[in-house]
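K.L.:
Shown below is the structure under consideration.
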Amino acid sequence: MTITRRDLLLGATATAALMPLVARAQTSEVVIGATYPLSGSGAQVGVDAQRAFETAIDIINNDQEFDLPLAKGVGLPGLGGAKIRIVYADTQGDPQKGRAEAERLITQEKVCAILGSYQSAVAVTISQICERYQTPFMSADNSSPSLHRRGLKYYFRASPHDEMFSAGMFDFLDAMKKKGAKANTLALFHEDTIFGTDSANAQTKLANERGYKIVADIKYRANSPSLSAEVQQLKAANADVLMPSSYTTDGILLVKTMAELGYKPNAIVAQAAGFSEKALYDAVGDKLEGAITRGSFSLDLAAKRPMVGKINDLFKAKSGKDLNDNTSRQFMAMIIMADAINRAKSTDGEKIRDALAATEMSGEQTIMPWKRVKFDEMGQNNDADPVLLQYIGGKFVTIFPTQAAVADAVWPMK
Amino acid sequence: MTAETIIQSLASGLLMGLLYGLIAVGLALIFGLMDVVNFAHGEFLMLAMYVTFFLFTFFAIDPLLSAPLAAAALFVLGAAVYLLIVRFAMRAKANVGMVQIFATFGLAIVMRGLAQLLFTADYRSVPHSWLGGKTVSVAGIFLPQPQLFGALVAIAAFGGLYFFINRTDFGRALEATREDPGAVALVGIDKNRVFALGWGIGGALVGLAGAIMATFFYIYPDVGASFALIAYVTVALGGFGSVFGAFAGGIVVGLVEATTALVLPPSLKSVGIYAVYLLVVFVRPRGLFGSM
Amino acid sequence: MDKSFTERRRRELLVAASLAVAAALVPLFVKNPNVQNIMILTLMFGALSQSWNILSGYCGQISLGHALYFGLGAYVTTLLFVKFGVLPWFGMIAGGIFCALIAMALGYPCFRLGGHYFAIATIVIAEIGLLLIQNWEWAGAALGIEMPVRGDSWLKFQFARSKLPYFYFALALACVAWFVTWWLEDSKWGYWWRAVKDNPDAAQSLGVVVFDSKMGAAAVSAFLVAVGGSFYAMYVSYIDPGSVMGFQFSLLMALPAVLGGIGTLWGPLLGAVILIPLTELTRSYIGGSGRGVDLIVYGTLIVLIALARPEGLIGLFSRKGATR
């Protein structure tokens, strides 16, 4: 086992290299970890997330005139103006690697909290490691409902999960039906991953409870080379509402294939993911006039809350993109975590955990259409209301719920 | 399930199958020439799609026109990969097969990394093209123009390749080198030039496929992975080394994929392809058209 | 069977024993959990690759679908524990035996296939397995299964922070895989395989016995890989089809043996010792950039090693390991 000496050396060098950082962290720096896929098929989301976190850190570390926690003044006042530094780790979308990286961030980089992680499967192992090391983990963008139901003390999620999202979608459908819109039959189209399965399970349950008929339930293999067969089945079913749960790649192929096979759905109500990504609308936006997606974020909010537009500009300067479903949630996760650390006045995991549990942030102090941020005993924020957005004239407008809506839904889609 | 659904499925499957054949034929050609499986084949396809995308984005060249350019670019890449990597991998004295597999597998990883570095991880696509999104409808059966055109190119490419291998001097040199690389040296044929040309042609063919794919598929650094396994199965099903086999294998794979989705949940449609492959090789251990 | 041969085999055993003892002492000095994690993965992949090498290296049946046995081992252990409360120690053996049987059932039709046809058949069989589990509700489908973690326990082989038990298990597995290979080299089977490699005509006359020995190699190889899968499931305590049965995993298992020296006694371990730390460190220290540089470095090194040392890195060392 020739590794012996090599590893000894390596451990020694790594420790030596980290010593000054550790020392600094105690005085003027708070280190937060972020675990995302930074290479491989989810890399685009991970790279965008880096820009979202950087935007949040800019606002926290510098003096900014926003009504967000920590925007005014420099750094974290509770820790003597300490600044936040973020360390990224690449999970490559693999649970084992995510686990190893989380452990490395905690033990070597001395992070006091971790944000993550896009793929829900990776969040399972990261949150487990965080629990073992009593380090808070916040799901910025994982939407699997099972994540917070595992009895973990150090798990938090400020944004909605798939059941809340789906409930929002069905509330919207109920409202449309009341207005006389034709929305009785549904076609579910979902990928065979955790995201697709969770989404379809939640939707099936809600459809049965609320008296909708599912005329097609199509589970497909993510990143298939062809979706012709799947689209034919959708076309044959010809449901009133098509409900896709797909990432960008399959979303693009789905819409292109629908056009090629002459299938024009009556209405699309999507479970975000690919349907809130700019890349999808760049590719097939002309075929999606009137498509509806649930979302956790809406730029329309800028009219009521000007800070949303300004923060979007800050983000756009870094990434060249508008804030979307994912990046807005990542931004907020950083703000909420920093706020808790500030109130904990410590980088101790348990104290941060208690501060997170005591979080009470009003919706106005976020960039989201949420009522407030307050975690239940499982670490889930149940007051994060999803919105429904419709793609009209090249941009999204909020159409539901009524208090957030700026326009009426166009139904059926063009 | 109506008759129309079945006919539509078969038609879509056939078109897609021809395209699978076109993607796979370069692999089959290279294997037939020198017993090498190129594990970076999917990444060749990815690169061809990016070439098409950038020609469209920066010079507004439609994929139809840029297809020859993509083919040329991939010709150069294929020849370069042979001359810079595979040539050396073939010098291995032991387990040549595995060395080649892993040399090209390493290359595939490098190409993905480079694509992410240079082109970013963003999902791209060619939003408007002459064929993109257009479709021909015959008696309620829809035939998308990009795939229809792809099918025609595939047929033409197979015809051309057949002619090239069987009717030209160079094709004969190719065939002779394949039969006995040692002996051809005696008659003044440079083995390396022939092999490099073979890799170039193999690359050019996948370049054509990539240009057509770009009209209806998304593009990102990992896109090749979706097609690589199908390409290997296609080649093996048709019989390693048989160009005609790749053609037939592609059609079979396309049809089986489409019909499996009619009877099983679509998420299991690849199981149909894999099962047919196993059935075929258990009966014919060298694939449909491999030399016995 | 001359004297120097017996002598050499005795020396190999001695070297292995000293290395194992030396390795066992390392964690007493290296406490960094990240480094320990890398050592555990190195030993695990070394053991997996050594097991793969029995079928693919010595026996010449290149399998690119060993993720099937790894995944099934992980699933059998986890399902038995989560659904029926069977302790992982028994689940591990059950998974191993199950996979050995599967390997023989699959070997029966597949060993008739030559070279690449065999390799592709192993790939598609593993993919079929992956797709079936991915669509099997009872086994957790795409959601995967999480091992409930409830404190440290030797009985359940669960440890919250300590990595030492996992390290010693992985070390033991690597030793067993090495010893089985060492023992096979000098067995009847070992001679047949060498005879067939050196003289293809001999294959004809040995036809039947060689087929039986291939079945045996497949069973042993699958058993050990399945135990590795069980270990992974307990170590990571969460499995899902994509991460334990993906095609990538089959390649990762073969890679150390190929780089170290396929069909050699020391190749797989040597390959793992170089490759796994490299993989982990490139990802940890340059993967965070999000620009794919880690992939470029990792891929380039694979290409360079494959080209510079096609017979495997073992060739860098003296004749002793390389020749067989």
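Just so it is clear, glycine is given a Cβ too, placed from its N, Cα and C backbone atoms.
A TrEMBL annotation is a machine prediction, not a hand-curated record.
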K.L.:
For the transmembrane segment entry in TrEMBL, name the matching range from C:36-55, C:116-135.
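P.N.:
Here TrEMBL associates transmembrane segment with the stretch C:36-55.
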K.L.:
Is it true that the transmembrane segment (C:166-184) and the transmembrane segment (C:296-317) have 3 or more CB pairs under 8 Å, sequence gap of 6 or more?
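P.N.:
They do not touch: fewer than three Cβ pairs between the two stretches lie under 8 Å.
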K.L.:
May I ask for the residues of the chain that lie six or more residues beyond the transmembrane segment (C:36-55) and have a Cβ under 8 Å from a Cβ within it?
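P.N.:
Apart from its flanks, the transmembrane segment (C:36-55) reaches 23, 26-27, 30, 61, 63, 66, 70, 163-164, 166-167, 170-171, 173-174, 176-178, 180-181, 184, 214, 217-218, 220-221, 224-225, 228, 231-232, 235, 252-257, 260, 262-264, 267-269, 271-273, 275-277, 280-281.
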K.L.:
Apart from its near flanks, which chain residues at least 6 from the ends of the transmembrane segment (C:92-111) lie with a Cβ under 8 angstroms of it?
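P.N.:
Residues packing against the transmembrane segment (C:92-111) from afar: 61, 68-69, 72-77, 80, 86, 118, 121-122, 125, 211, 214-215, 218-227, 229-231.
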